[in-house]
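Comments concern the structure below.
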Amino acid sequence: MLALPLSAVGRSLTGINIVGPSNAEPPPRPPSPAMYQLDIVLKKGSNLAIRDRTGTSDPYVKFKIAGKEVFRSKTIHKNLNPVWDERVSLHVETLRDPLYVKVFDYDFGLQDDFMGSAYLYLESLEHQRTQDITLDLKDPQYPEHDLGSLELGVTVSPREGDVRDSTMLLRRNWKRSSKYQSMRLSDVHRKAQLWRGIVSISLIEGHGLQPMDANGLSDPYVKFRMGHQKYRSKTIPKTLNPQWREQFDFHLYDEQGGFVDITVWDKDAGKKDDFMGRCSIDLSLLGKEHTHKLDLPLEEGDGVLVLLVTLTASAAVSISDLSVNMLDDPHERLQITQRYNLWRSFHNLKDVGVVQVKVIRAEGLMAADVTGKSDPFCVVELSNDRLQTHTVYKNLNPEWNKVFTFNVKDIHSVLEVTVYDEDRDRSADFLGKVAIPLLNIQNGERKAYALKSKELTGPTKGVIFLEIDVIFNAVKAGLRTLIPIEQKYIEEEPRVSKQLLLRNFNRVRRCIMFLINTGCYINSCFEWESPQRSVCAFVLFVIVVWNFELYMIPMALLLPLAWNYILIASGKDTRQDVQAVEDLLEDEDEDFDKDDKRPKPGPWEESCDKNHILEDMLASWHFEWIRTMVDSERKGFMNKLYAIQDVCISVQNALDEVASYGERIKNTFNWTVPFLSWLAIVALGVATIVVYFIPLRYIVLAWGVNKFTKKLRDPYTIDNNELLDFLSRVPSDVQVVQYRELKLDPNPSPNRRKKNNPG
C-alpha cells in the first residue's frame, strides 16, 4: 500500500483558465479539455482519535477538491475502527488539484469535532489501475499527534471530453466576471443533471439469511446505493426469509449503465446494526425495456436476495432558457394536451402528466455573506426528481430565467422550490423555500411566492417569482391514487424533539376528543337531555334499522361529503380547526428560531477552534485512563440511553401516524383537496351501485378468490391497501399549513429573518 502522510501543500489549487474581462470580445470556444474519472472506494479507518467521553467517536469523512465538498460519507457510530466501504465516482478536469480528505466526529446538536485530515495528490497516481492507499491523518496545529489512518482504493481513468456526469463542475470556482465562463458553466450544469433512463427495482424477498440475534433470527433491512441516490427498505422483524415487496426507482445518468450497491443489515435497538452481507448489480449487463428477475447471493454473508429490475428510457425532463420552452409553442402544447386526453387514459398509466416550472427571479433575499450579499441558486424538486439553476453571484435580487420540465407520476406530488446561498468551503446555506401541491397550481399564472422557513411553518425574507403549468390525465391520476405513494430517498434522520412530541400528542388528543364528543352526543339522546333531539333520533333509528340494506353504508358516507360541499358553496368554511395546528407550528417555529440564533463558526474554525484544541489535548492525555475506566457497565448504560431515544422516536412517529390518519379522514370529507373528495364520491357511488345489484356472497367470493390466487397468478406482486394508499394522498393538518401560501408582507419583521443551514 502507498503511505501518503499529510505534508505542506506546495501545488497550485486553481486549475482554471483565465479569461479576459467581460467587456472584451469573447474568444472562440476552445475544444473540450480532457476529463478524468476518479473512482474512490472509502474502505475503513484504523485507530482514529477519541472525541467522545465514552472513549469512542462517531466518525464520518468529507472529500474536497479545489475547496468544494464533493462527497460526505455516512456516520459510523461509536467506533474507532469504522468500516464504510462506500464508493463514489467523480469527474475532474485536472489532476493538479489534490483530494483533501477530512474526518469529523458527529455530535448531535453541537459542532462536529475535527479528527484529522490528509491530502492525496492525484498527479502521482497511475492511470487505469486501482491502487490501495493509506492516508495518515494529522492535525495541522499538532502535526506530531497520531490521529489514525484511512484506507482507500483509487482509480484514475482519462475520459476525453466527457462531462455528462460531472457533478463537481456544477459550481466550480470559475472566473465570475467572465460571460464566457458563465455560459460554459451553465451548459455543463445542465448536462450533468439530466438523467437518461429510469431503473425500476422491486425488492421481493430474501432466503436463508444469516442469523444475527440470540434467538437464532434476524431483523433484516436492505440499503441500496447508486451514485448519490440511496434507498432503505423497511425492517422485517424476526425472520431469516423476509418478504419486503417494495418498489422504487433510481435515475440512470450514464447510458452505459452503472452499478447498484446493495447491503443487508440486521436492525438492533440501542446499538450498532449488524452487517449481514452485500451484493451488486451491473446494469450494463441488463437489456432495456425488459424486466429481469435476479437471484443475488450475498457476499460476506449467507442467503439470497430476489429482485426484479427494469431499465426504461428517460422521461421528458429538460432544462432550458426562458426564451425556449415547449408549452409556449402552440403546436407542441397541442401535442402534449392530446397525449394526456381522456381517450388515452389507459395508455402507459405511469405517465400521468407533465409540469413546466419557470423560475424567473427572486427579490429581497437574505444576505448570507459578510459582504452583505449572497450567491443564490435555486433547487426545484418533484418527489425524487431534482434539478437546479446556475448561481448568480453577489446578488440579493437574482434573475435565473430558467424553465424546468418534469414528468408527473403522481398528481398529488408537491413541487418544492428552495433557494440556497453557495459557499466555497461549506455546504450551501438555506435562504428560503416554498412547497406547492400540483393540484393547487393555476396554469400560466406568474406569481410571487413569499419564502418560508426550512420547516415551512413561518416566513423568512424574500419572494420568488414562478410561472407553472400542469397538464395531466384525470383518469390516470385517479387510478394512480390507489397504488402506494413514492417514498422520498433523501429524508432527514428522525430526531427526538420535545416540540414535535407535544405537537403530535395534542393532535392525537384532538382526534380522541372528537370521538368522545360524538359518543357523548349519542349518549345524550339516550339520556333524554333534549326531548326533541331524542325523539328525532329514536324515529330515525327505527326507520333506518327497519329498512336497512348493506348498500346504505357507502350511501350514508356520501351525505357528509354532500353537506360540506353545500356549506362551502354557500361561503361557509368548514376547515377552521386547522388554525389550532397552525398556532402550534408557529410556537414550534419560534423555538427553532432560538436554536438558530447561536453563532455559526467560520470555515477556518474547523481545525483550529480553541475548544477543539483543548479537547484534542485532553483526549490524548487521558487516552489510557479512559480505556481503563470505561467498563462494560457504563457501556450498558449508554446502550440503554440510545434505546430510550429509539423508543421516544417510535412513540413520536406513532403519534404522528395516528393523528395524520384521523386528520386525513376529516380532510377528505371537508373538501380540503377537491380532486380527492370527488374521487371519494365516485368510489362510494360505484360501491353503492355494486352492493345494491350484486349479492354480498358474490362480492365476498370474488374478493376471496382474488386474494387466494394472486400469489399464483403473479408470484412477485407487491401487495397494497387501496384505502390506505388513498388516505396517504390526503394532506394532514400539518401539511395543510405547510402548503398554504403566505400573504406577501411589504415590511417583514426583522426578528423573523433568520439563516438556516441544511448541513
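Cβ coordinates come from backbone N, Cα and C, glycine included.
Listed features, source TrEMBL:
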type     : residues : note
DOMAIN   : 18-135   : domain 'C2'
DOMAIN   : 175-298  : domain 'C2'
DOMAIN   : 330-451  : domain 'C2'
TRANSMEM : 538-566  : transmembrane segment
TRANSMEM : 675-703  : transmembrane segment
DSSP helix/strand/coil residue counts for the domain 'C2' (330-451): 16 helix, 56 strand, 50 coil
The domain 'C2' (18-135), counted residue by residue under DSSP: helix, strand, coil: 3 helix, 56 strand, 59 coil
Stretch-averaged pLDDT - the domain 'C2' (18-135): 78
